[in-house]
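What TrEMBL annotates here:
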BINDING   Q253, E303, N353  S-adenosyl-L-methionine binding site
DOMAIN    275-338  domain 'Methyltransferase'
ACT_SITE  C381  active site, nucleophile
Amino acid sequence: RNQESGSSGHCLAVVLSRLANAVTPLWRLPYQEQLQVKYESQRKILQALASRLEELGIDAQKPDGLCCPLQPVVPSPIINGYRNKSTFSVNRGPDGNPKTVGLYVGTGRERNIVCVKANHVENIPSKHKQVAQCYEEFICRSPLDSCILFHEGGHWRELVVRTTSCGHTMAVITFHPQELGQEALATQKALLKEFFTCGPGAVCALTSLYFQESTMTRCSHEQSPFQLLHGAPHIFEELLGLKFRISPDAFFQVNTAGAEVLYQTVGELCQATGDTVLLDICCGTGTIGLSLAHRVSKVIGVEVVEKAIEDAEWNAAFNGISNCEFHAGKAEAVLPQLLASWEDARPLVAVVNPSRAGLHYRVVRAIRNCRAIRRLLYISCKPEGEAMRNFLELCCPPDPQKKLAGEPFAPLLAIPFDLFPHTVHCELVLLFTR
């Protein structure tokens with residue numbers, strides 16, 4: 001219809017603008033204005049926390065209405081193309097092509113979802129866009145359909161691209177096997193490998209090409225192993241003078257240059273001395289703990305993703321760091337057991353960097369009830385969400401019914417870091433003490 005009316009170019013421009021506004025809503029603003037917008041949003045969060053603490057009978061409100069001093073937003077060293085990880089979907093594009101590789105615009109409720117190429121999105125680097133374009137070319141050549149709805153069949157699904165400042169590129173392709181047998185699956189994997197090593201996709205110069213068969217929206221390595229089709233099993237990143245190994249599903253801050261600034265400040269806020277023990281909860285590949293290991297006597301890391309823990313242990317060994325130990329498992333299972341028998345006389349500082357889902361209540365309870373922890377740094381990319389619940393649990397008066405016997409924490413300082421330029425998000429570091 002658009003082509004018939006002669007307005008296809010205009011309509012495409014509208015869709016592209018909608019995608020940019022959805023993914024990077026602040027992209028039209030000068031960077032200093034973006035930082036001011038984020039500062040105001042963090043102010044509102046701290047005001048809300050102060051009000052909630054007042055409701056609990058805690059006199060936390062300062063004269064400015066905040067629960068603690070808020071420093072200006074720390075800018076990102078890189079503003080454009082900073083993402084080291086991008087996830088691309090496969091779905092119908094604005095032109096009706098069901099094998100479009102890009103990002104979603106629209107909602108399921110309105111039934112107006114389309115998949116738009118991300119070529120013009122500011123925060124995605126050109127290498128990621130190149131791999132996405134090549135993947136689209138491959139699946140368009142394939143006789144197999146894309147998997148838009150699981151129950152309707154189809155196979156080709158999302159693409160994850162990870163890059164590092166060392167020049168490494170990893171691509172992870174998710175595939176719904178449906179009813180295909182092992183021989184047919186082997187054929188598709190061989191075609192995919194050939195395309196990216198000898199065919200048009202060779203231009204991407206992939207360091208690693210992974211393939212995952214998945215019948216779920218998201219699937220861990222334990223549920224369905226990542227299958228290495230080509231190249232090295234890991235990519236490597238350098239951060240604060242250390243080298244880090246990264247597996248396909250291991251967490252690593254999406255803005256490497258911004259993460260360096262963040263971790264340097266976290267190290268200063270820890271006020272660690274030579275006899276301090278650092279507890280790194282949700283440690284991922286060990287970046288925070290390992291970058292601070294030279295300041296403390298010991299680092300203890302906890303992480304649910306087993307492959308990330310393997311990376312953390314390798315990273316420690318490779319960098320010659322011997323004062324770290326890492327525990328694989330859910331924090332709510334590992335931490336209470338670890339802290340319940342804590343008898344070490346050394347100062348204990350905790351750093352938590354959970355997902356948007358926040359910390360499990362049992363983790364908060366274990367921290368509260370461990371008298372040795374007097375200083376806690378909570379790093380959150382969504383402090384207005386589930387993290388707010390954690391803040392209240394950390395600061396509320398002792399509650400025997402909830403088994404919160406320990407002395408409450410109090411927010412002392414908040415520092416936002418802009419790890420996500422052009423978006424409304426930033427990483428908030430909230431320092432709690434008791």
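Numbering starts at 1 and runs along the chain as it is shown here.
Glycine residues also receive a Cβ, built from the backbone N, Cα and C atoms like all the rest.
All annotation found in TrEMBL is predicted automatically rather than curated by experts.
For the residue listed as 'active site, nucleophile', the number of other Cβ atoms no farther than 10 Å from its own Cβ, over all displayed protein chains, is 19.
In sequence order, F251, F252, C282, C283, G284, T285, T287, I288, I379 are the residues of the same chain, not among Q253, E303, N353, whose CB sits within 8 A of the CB centroid for the S-adenosyl-L-methionine site. In this entry, S-adenosyl-L-methionine is bound by Q253, E303, N353, whose most widely separated C-alpha atoms sit 15 angstrom apart. When other Cβ atoms within 10 Å of the Cβ of E303 (S-adenosyl-L-methionine binding site) are tallied across all protein chains shown, the result is 26.
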